[in-house]
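Shown next, in structure tokens, is the structure this report addresses.
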Amino acid sequence: MKLTCVLIVAVLILTACQVIAADEADANRLSTRWCACGVNYYCCNEVCTWREDPCP
């Protein structure tokens, strides 16, 4: 029973780490697009948009 609990906890921790890593990859991709668009622009649907305009 103890071993089963340890295995379940280990799987949950690994899953959480994978989700966090995926989120960080998305954040890095967004920041790269931000830099490619310029300081006052953001990437919206792969189009550079002025930072104060809504996403088209």
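Cβ coordinates are placed from backbone N, Cα and C, and glycine is handled just like the others.
Taken from Swiss-Prot, the feature disulfide bond applies to CYS35-CYS44 (among others). Taking the Cβ of CYS44 (disulfide bond) as centre and 10 Å as the limit, one finds 15 other Cβ atoms among all the protein chains shown. DSSP assigns CYS44 (disulfide bond) to a strand segment in the three-state reduction.
The annotation disulfide bond is assigned in Swiss-Prot to CYS37-CYS48 (among others). Packing around CYS48 (disulfide bond) is summarised by its Cβ count: 14 other Cβ atoms lie within 10 angstroms of its Cβ, all protein chains included.
Per Swiss-Prot, disulfide bond is recorded for CYS43-CYS55 (among others), and the stated evidence type is a curator's inference.
Taken from Swiss-Prot, the feature signal peptide covers 1-22.
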Surrounding CB atoms that lie within 10 Å of the CB of CYS43 (disulfide bond), all protein chains: 18
Residue from CYS43, CYS44, CYS55 whose C-alpha is spatially nearest that of CYS37 (disulfide bond), among the disulfide-bonded residues: CYS43
Neighbourhood of CYS55 (disulfide bond), C-beta criterion under 8 angstroms, separation at least six: CYS44, ASN45, THR49
